[in-house]
Amino acid sequence: MVRGLPARLGDARAEVARAEAEQLLLWAAGWERIDLVTRLRDRLPAAASARFRHAVARRKAGEPLQYITGRAPFLGRMFRVTPDVLIPRPETEVLYAAAAAWLRFPVCAHLRARIYDLGTGSGVLAISLALACPAAEVIACDISAAAVAVAAGNAAALGARVAWRTGDGFAVWGELASTGWLPHLVVSNPPYIPAGEIARLDAEVRDHEPRLALDGGPDGLDFYRRFAAMGDAAFAATPEPAAMLLEVGDGQADAVCALFAAQAERWPGWAFTVIPDLRGIPRVVAAARGAPLPALPQT
């Protein structure tokens, strides 16, 4: 059943198509990977066979594999995903690695760190940080109630302790601040695609992933302007350390840094840098005070 699928999926990259076909078969049949060896000659039950063929048709029509199976990996864990949330990508793992490394610095280690994930989507950042730092107090917010429901389900499935909020992330941040809750660390993978470029995105992204999580305004920088205006006062007060790590789009790092430079008086004592992803593309605008940023490869 798997052998003929690369052509049926319409993917010229036969190995990629075969790997996707295998994932669809495992999902449809409820098999483990070892079953591809031990049960490949078995006849699938009618229901599983129909489910598999329907999944192949959906994939051939361009629907992302992760939305068909309802799951996507991040840092070796499997997360539930739906069309209400972005599909987790390897670039965001770089942001997580930098955040986790910062939290391990001695000056941070004694803290009961307060972490805020602004625009959490499926919750991969908030949940991964909560699992890595069980003593941390993690709050995550998304403007989409459907996304928050997906994230909360992922946290429950993985045993992560995260508090969830629904609403505009900056407004919720202000509400938290009014109660005295100020974060030591803020992480975010925000919308950063310029509105006019969304129509030119790959069809799998454009037609299936949530526009709310993609559209960054006319130039893609609306989120970063709002963040730059927040300033140091929105974080835990000195002498406690603070940091932020913000994912940015390809070619946006300089413009985002310029937005913060224009608000420099709001960020006294903060050191800014840019961290590249695994392809060398500037991917995370990072800044900290009171504890150095991690010694990851930088642009």
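Including glycine, each Cβ sits where the backbone N, Cα and C put it.
Marked as domain 'Release factor glutamine methyltransferase N-terminal' by TrEMBL: 7-70.
Per TrEMBL, domain 'Methyltransferase small' is recorded for 111-192. With DSSP states grouped into helix (H, G, I), strand (E, B) and coil, the domain 'Methyltransferase small' (111-192) comes out at 33 helix, 19 strand, 30 coil.
Its Cβ placed at the centre, ASP142 (S-adenosyl-L-methionine binding site) has 30 other Cβ atoms within 10 Å. Taken from TrEMBL, the feature S-adenosyl-L-methionine binding site covers GLY119, THR120, GLY121, SER122, GLY123, ASP142, ASN189.
Taking Cβ-Cβ distances under 8 Å and a sequence separation of 6 or more, the neighbours of TYR192 (substrate binding site) in its chain are GLY216, GLY220, LEU221, PHE223, TYR224, GLU247, VAL248, GLY249, GLN252. Residues or ranges marked as substrate binding site by TrEMBL: ASN189, PRO190, PRO191, TYR192.
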Protein Cβ atoms within 10 Å of THR120 (S-adenosyl-L-methionine binding site), excluding its own:
32
Listed binding-site residues are GLY119, THR120, SER122, GLY123; which of them have CA atoms within 10 A of the CA of PRO190 (substrate binding site)?
GLY119, THR120
Cβ neighbour count (within 10 Å, all chains shown) around PRO191 (substrate binding site):
22
Inter-residue C-alpha distance, THR120 (S-adenosyl-L-methionine binding site) and PRO191 (substrate binding site) (nearest angstrom):
11
